[in-house]
């Protein structure tokens with residue numbers, strides 16, 4: 001039978017509950033346990049797929065095509081597992097399921113209420129992850145902050161689960177902030193005390209308190225928190241600000257978090273094997289080089305909108321012994337007159353995915369600059385589509401070439417809506433989503449990176465290269481180095497003769513790991529390193 005760990009947050013949002021949960025997952029896995037992990041999100045959207053990146057940050061896509069919270073990306077990267085759509089549950093999804101059951105008559109004419117119907121549905125989602133994964137431990141993060149009205153059904157459900165499963169099978173971890181008041185030159189424990197009091201008023205007594213803070217807690221403060229929050233002193237865990245999120249698992253291991261969790265769950269394991277993780281962190285702390293990548297997008301004011309891209313770049317940097325400096329370039333500000341000023345110092349240029357026509361011409365201008373100057377270029381999803389548009393306009397000479405997403409009346413619709421998308425009216429969950437195979441052409445950059453013929457990558461798009469123009473594009477030198485195995489859809493394009501110019505219709509960033517960078521990101525940063533060396537040699 002699986003054991004369950006629930007992670008809640010208090011005082012303020014964005015404390016790092018997701019990093020805490022992911023780090024615990026890594027520590028448990030290092031002890032030989034099979035770990036499953038999920039997030040319960042209190043917003044009423046069914047999923048974040050239609051939410052603005054400014055509201056939510058990036059949408060992380062799973063292997064099975066779920067559009068999920070960005071914390072699931074942390075889970076995959078830290079624990080090195082692929083998780084499924086069942087691992088992200090929202091209030092909207094819960095209510096939709098309950099209402100559908102009511103319409104089908106599954107409640108026998110009863111009055112449908114938050115308790116028991118909504119809470120039972122939540123409990124079923126938590127337990128189903130354990131059943132499907134056959135995990136030893138299931139970690140569940142509850143989004144939001146204790147006291148939020150939206151979180152109440154989730155907190156009630158996890159309260160009930162302790163009674164359903166037995167006390168020895170459930171652990172509650174509460175992540176809080178211990179703020180530092182500069183004027184008083186001291187840390188304050190009162191917000192944590194009040195947060196725990198609020199949580200206990202809902203029937204949940206935390207077993208472990210993880211204290212986020214800028215400065216170390218004194219022994220007296222730990223004892224005070226243990227006394228007022230009614231936990232053992234050893235269960236007051238310090239989580240200091242870290243230079244890198246990848247140091248957090250090692251910091252929490254030193255604090256004894258995993259050992260306390262296992263003791264409370266009655267699980268005995270061998271010692272942790274964190275040698276690879278320690279080696280990676282040590283390598284990360286001793287990077288010898290600096291590589292500058294210009295990321296040209298329209299959501300750059302909120303860098304979480306490109307979280308997986310930024311992490312994948314850093315992973316590749318670790319591999320090459322290089323720190324990565326990301327220049328966040330607003331594509332709306334890029335034009336032919338300022339590309340040198342904005343992009344001239346970059347060792348590589350990356351255009352990520354996105355939607356809508358705002359900032360499109362700036363991205364195309366950035367791609368032109370990379371192509372003409374021989375700067376390594378990497379395009380992702382929309383970045384590939386715009387690379388095709390730029391090539392069509394400026395190499396072939398098709399004036400007005402565009403995607404029908406931005407110009408339905410373009411004379412050269414080199415990017416067009418996928419045929420299966422034409423009859424769809426709903427926006428949510430209707431794109432080409434999830435993992436699909438891609439067949440690579442030997443001798444290309446893509447094949448040299450992957451070193452195999454068939455790869456699987458994750459997608460999130462409605463538009464694709466228009467096959468009516470493939471022959472003309474190829475005749476002018478564009479190489480289609482990756483396609484669906486049947487050859488129907490183009491997945492990767494390249495420009496031979498350029499030091500490194502490659503773009504993908506898929507999102508390789510979602511499969512990168514800190515100790516195993518994605519092959520394309522690895523080779524992109526390698527090319528950027530060579531470009532930088534050639535400039536200064």
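Each residue, glycine too, has its Cβ placed from N, Cα and C.
Per Swiss-Prot, the L-glutamine site holds 54, 354, 382, 383, 384, 385, 405; the candidate it also names there, chosen from 288, 458, 462, 470, is 462. The ATP site recorded in Swiss-Prot comprises 14, 15, 16, 17, 18, 19 together with one of 71, 80, 131, 132, namely 71. Together with 13, 148, 149, 150, 188, 189, 190, 191, 192, 193, the CTP site in Swiss-Prot holds one more listed residue from 39, 219, 224, which is 224. Per Cα geometry, 191 is the residue among the binding-site residues 191, 224, 384, 385, 462 nearest to residue 19 (ATP binding site). Its own atom aside, the Cβ of residue 384 (L-glutamine binding site) has 27 Cβ atoms within 10 angstroms in the protein chains shown.
A 10 Å radius around the C-alpha of residue 189 (UTP binding site) takes in these binding-site residues out of 16, 54, 224, 382, 405, in sequence order: 224. Put simply, the two farthest-apart Cα atoms among 13, 148, 149, 150, 188, 189, 190, 191, 192, 193, 224, the recorded binders of CTP, are 31 Å from each other. If you draw a 10 Å sphere around the CB of residue 141 (Mg(2+) binding site), it holds 28 other CB atoms from the protein chains shown. In terms of local Cβ density within 10 Å, 192 ranks first among the binding-site residues 192, 193. Of the residues the record lists as binding L-glutamine, namely 54, 354, 382, 383, 384, 385, 405, 462, the two whose Cα atoms sit farthest apart are 23 Å from each other.
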